[in-house]
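Novice: To start, I am sharing the structure in question, which I have written as structure tokens.
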Amino acid sequence: MADDFLTRLPKVELHLHIEGTLEPELMFALAERNGVKLPYSDIEAARAAYDFTDLQSFLDLYFQGMSVLLTARDFHDLAIDYFRRAAAEGVVHVEMHIDPQAHLARGVSFATIMEGLLAACREARDELDLSTAMILAFLRDQPAEDALQVLEQAGPWLEHFSAVGLDSAEQGNPPSKFREVFHRAAELGLARVAHAGEEGPPTYIREALDELDVCRIDHGVRAIEDVELLERLADESIVLTVCPLSNVRLKVVEHLEQHSLPRLIDAGLNITLNSDDPAYFGGGMRENFAACQRAFDWSDETLSWLASNAIEAAFMDEQRRDLLRARLAEA
Ligand code: HPA
Ligand SMILES: [Zn+2]
């Protein structure tokens with residue numbers, strides 16, 4: 001596998017929740033280390049429970065799983081474990097959403113989260129040649145005032161964040177709810193991204209563009225229902241971070257073969273492929289590329305184009321971008 005095209009392809013991950021990289025093996029090891037009780041009898045039982053009907057059924061287990069993360073060492077182990085797997089499958093850059101509210105609510109401090117994650121990011125750069133960026137995500141089913149508070153609390157670590165994002169339960173929590181905090185983030189010099197059009201309607205995608213001034217839409221697949229929106233996304237070259245295996249596992253589509261990806265590409269959109277929560281959705285970046293190659297019979301050119309879109313859209317310095325462009329040309 002190490003020498004195949006999909007592994008060699010320098011893959012840039014733009015849509016990943018670091019808490020969604022927690023494999024059951026590490027979940028059980030950390031539960032034991034921290035004396036946390038899990039609702040699963042063993043690792044197989046945990047995997048078997050990952051049989052989702054929609055976004056909320058996943059979020060319930062996602063928040064449950066992260067209850068084992070208590071110390072800086074836990075956050076370090078979570079991230080470095082994932083970075084090693086990602087590097088082994090040819091991922092060269094990772095932009096990770098972090099959900100501080102989910103940890104602060106359990107009494108874990110911002111300093112604890114950041115100490116662990118930053119140590120893992122340094123190791124990734126020095127030992128794995130893997131660059132990283134961080135996205136401060138707000139839980140959209142919580143009050144907007146809480147998001148403002150979290151942005152405030154992030155102050156001492158703000159230099160480590162490239163952007164703010166918006167995740168968790170989408171329906172009924174429109175982007176406009178977070179107008180003020182995104183405006184504040186812009187004033188602080190942070191870029192903006194938001195999940196929109198995963199389960200929510202195309203109007204949420206418009207709102208994210210118009211009211212939150214985002215440069216990327218996470219998911220965005222329901223844009224396919226709105227021809228005018230498709231035209232706008234194409235004209236403005238808005239990046240969509242599409243997560244194919246996630247969409248299948250959360251029943252956004254029944255089968256990958258029915259996914260709107262080929263139509264979104266035909267409509268001229270700036271598409272990237274990503275893995276969202278690889279520990280829960282059955283695979284990382286390589287498997288997302290491979291599944292699409294099988295489902296849509298995509299050529300190497302199409303797969304390279306998708307990898308190139310992600311390199312161009314990433315929050316990385318221009319020297320790194322040039323290096324990755326060169327690596328892509330050699331793949
Ligand atoms: O796919 C997702 N959607 C919304 N929130 C999330 N938090 C982790 N993964 C997701
Ligand atoms: Zn996501």
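Heads up, the Cβ atoms here are built off N, Cα and C, so glycines get one too.
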Novice: Can you pick which of D126, D129, D266, D276 TrEMBL lists for the same Zn(2+) site as H15, H17, H195?
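Specialist: According to TrEMBL, the candidate sharing the Zn(2+) site with H15, H17, H195 is D276.
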Novice: Starting from the Cβ centroid of H15, H17, H195, D276, the recorded Zn(2+) site, name every other residue in that chain with its Cβ within 8 Å, sequence order please.
Specialist: L16, G20, H97, D167, D218, H219, T241, C243, S246, N274, D277
Novice: Around ligand 1, within a Cβ distance of under 6 Å, which of the recorded positions H15, H17, H219 show up?
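Specialist: Going through H15, H17, H219 in sequence order, those close to ligand 1 turn out to be H17.
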Novice: Do any of the recorded positions E198, H219, D276, D277 touch ligand 2, in the sense that the CB is under 6 Å from one of its atoms?
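Specialist: Cβ under 6 Å from ligand 2: D276.
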Novice: Whole-number answer please: how many Å between the C-alpha atoms of E198 (active site, proton donor) and H17 (Zn(2+) binding site)?
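Specialist: Cα of E198 (active site, proton donor) to Cα of H17 (Zn(2+) binding site) measures 15 Å after rounding.
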Novice: 10 Å Cβ neighbour count around D276 (Zn(2+) binding site)?
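Specialist: Excluding its own Cβ, the number within 10 Å is 28.
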